[in-house]
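Heads up, the thing below is written out as structure tokens.
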Amino acid sequence: MGLNIPGLVGLSVFYAITLATGIWASLRSKRDKKNRSTSEMVMVGDRNMNFLVGLFTATATWVGGAYINGTAEIVYLPTRGLLWVQAPVGFALSLVIGGLFFVKPMRSRNYVTMMDPLQETYGNMIASLLFIPSLIGDIFWFAAILASLGATMQVILGIKSYLSIIISASAVILYTLLGGLYSVAYTDVVQLLFLMLSLWICIPFALIHSATESISYTATHDFYQAPWIGKIEKEYLGRWLDDFLYLVLGSIPFQTYFQRILSAASPRQASFISYLSGLGCLLMAIPSVLIGAVAASTDWNQTSYGLPSPLERGESAMILPFVLHYLCPPYISIGGLGAIAAAVMSSADSALLSVGSLFAHNIYRKILRKKATDKDVLWTMRASMLVFGTAAAGLAFYSHSIYDLWFLSGELVYALLFPQLCCVLFIPHTNTYGSAAGILLGFLLRLLAGEPSLKIPPVIHYPGCCLVDGVYVQLFPFKTFTMLLTLGIIVSVSYLSAFLFKRNLLSRRWDVCNIMKENSVHIPLRQLEKRKDLQGTALPENHD
């Protein structure tokens with residue numbers, strides 16, 4: 001395939017607009033900051049983000065390249081179908097649950113990152129351990145979506161994937177370094193608008209293509225392949241439920257989410273942003289669902305793609321760019337490529353800012369150099385974003401293993417971080433011993449369950465574990481089971497350790513975590529807020 005010059009020009013214009021928007025936003029933030037904290041401006045927009053901008057950037061964070069490509073792929077696969085498309089509803093419910101339960105205690109305490117309450121309650125060592133899955137998750141996420149964009153550009157533009165990875169990563173790193181959350185938020189507005197318009201423009205052309213059968217008919221009838229509506233076999237119900245709960249609850253403990261929430265002007269505004277962005281995520285999945293349905297209803301032999309089909313060639317992950325390229329006019333497919341680039345960049349900059357904020361604020365400022373000035377923190381954040389962004393771009397060249405590692409790191413966040421966050425916000429008297437036991441148990445249980453994509457055999461065979469094509473598959477909802485066990489062990493070990501020390505059954509000399517010091521009893525934030533409402537007193541600064 002030759003180089004697509006018009007497409008390259010069009011995409012260059014889009015990149016130029018995005019970069020110009022990021023630079024403009026960075027200049028605007030510097031003009032508005034006056035005497036405010038520079039690092040807080042970069043990390044949480046000085047908690048004065050415009051409501052509409054906040055809504056757009058919160059929605060764009062979840063509507064990334066993996067989201068729109070993955071949704072189309074699942075609908076297209078004959079062994080899956082629409083009923084297995086869990087991300088849109090899962091992310092929407094995640095944002096609603098976050099708005100109902102997590103936003104108020106986090107925003108009312110003016111935290112800067114998601115790790116602050118964990119570090120405040122359980123100490124620096126626990127915070128350092130919990131930073132690792134967040135770091136790995138963000139880097140692998142960045143790498144995975146860059147790899148997806150590179151493969152897409154190779155299909156539509158005919159350029160080498162490594163070139164698009166380098167160019168996209170450079171643009172994202174540059175405008176994120178310049179303006180922090182302000183640049184990320186305002187470029188998200190441009191990217192989300194472009195994504196909505198360009199994908200919807202592509203839909204009619206794909207639907208009326210001569211090689212495509214009516215998607216309303218193929219939804220329930222075998223035609224070129226099994227109906228795209230899909231079905232859930234009884235034996236897979238546990239796995240379906242496990243993946244769904246993983247998306248709903250496991251999507252909450254990410255700094256990319258709390259960065260948007262903590263930048264809102266008030267807890268009430270933050271809650272509304274969370275609710276409405278959930279609705280936005282749901283609506284943004286519709287074009288991808290339609291594209292997946294079109295792909296499942298197409299006779300690929302009537303297109304220039306030919307036979308065998310994408311499924312038979314093992315290229316189902318590229319089904320969205322294939323539909324844009326082979327079923328739409330060239331000038332329309334270029335717009336679709338811009339939509340994919342917009343989705344990728346809107347998620348990539350969020351991941352980059354997230355990991356930079358966590359490292360600079362929670363590791364550098366609070367552990368490595370407690371007397372660091374605000375300027376030191378800002379430069380450390382910029383340096384870490386440059387290092388982590390470069391590392392992610394390098395990993396993007398190994399796309400097959402990166403997708404697997406990203407998914408696995410997300411499971412670790414679900415098993416380790418979610419129960420820790422629930423305990424520190426809502427469950428009284430949890431302490432460092434319980435937190436450490438939860439980390440150890442959660443990690444071991446997830447490792448012992450095995451991982452087929454990484455060729456790790458299971459040591460624990462949960463009910464329903466079976467051998468499929470020589471690979472053990474866990475059909476039991478073990479991810480959620482692991483999360484619940486982790487939650488239980490944090491609470492039980494915390495209460496047990498406190499009981500043993502209080503009753504002098506264990507010498508207090510062995511209390512290396514110093515949980516028995518005066519005023520060490522942890523009170524959940526919701527209880528503190530109720531006390532404030534009843535007594536009219538200010539919240540304590542530290543409730544370690």
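Each Cβ is built from the backbone N, Cα and C atoms, and glycine gets one as well.
Copied over from TrEMBL:
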TRANSMEM  6-27  transmembrane segment
TRANSMEM  48-69  transmembrane segment
TRANSMEM  81-103  transmembrane segment
TRANSMEM  161-182  transmembrane segment
TRANSMEM  189-208  transmembrane segment
TRANSMEM  244-262  transmembrane segment
TRANSMEM  274-296  transmembrane segment
TRANSMEM  331-359  transmembrane segment
TRANSMEM  379-399  transmembrane segment
TRANSMEM  405-426  transmembrane segment
TRANSMEM  433-449  transmembrane segment
TRANSMEM  481-501  transmembrane segment
- Item | Contact call for the transmembrane segment (6-27) and the transmembrane segment (244-262): at least 3 Cβ pairs under 8 Å, seq gap 6+ | no
- Message: Pairs 6 or more apart in sequence, C-beta under 8 angstroms, 3 or more of them: is that satisfied by the transmembrane segment (331-359) and the transmembrane segment (274-296)?
- Response: no
- Go through 161-182, 189-208, 379-399, 405-426, 481-501 and flag the stretch with the largest number of C-beta pairs under 8 Å relative to the transmembrane segment (433-449). 481-501
- Message: With contact taken as 3 or more Cβ pairs under 8 angstroms (pairs 6 or more apart in sequence), are the transmembrane segment (81-103) and the transmembrane segment (274-296) in contact?
- Response: yes
- Message: Which sequence-distant residues neighbour the transmembrane segment (481-501)? Criterion: at least 6 residues beyond either end, Cβ under 8 Å.
- Response: 249-250, 414-416, 418-420, 422-423, 427, 429-431, 433-435, 437-438, 441-442, 445-446, 449, 462, 508, 511, 515-516
- Item | Same-chain residue ranges lying at least 6 outside the transmembrane segment (244-262) that approach it to Cβ under 8 Å | 43-44, 47, 49, 54, 57-58, 61-62, 86-87, 89-91, 93-95, 97-98, 102-103, 106-107, 110-115, 134, 137-138, 181, 270, 273-274, 277, 350-351, 353-355, 357-358, 410-411, 413-414, 417-418, 420-421, 477, 479-480, 483
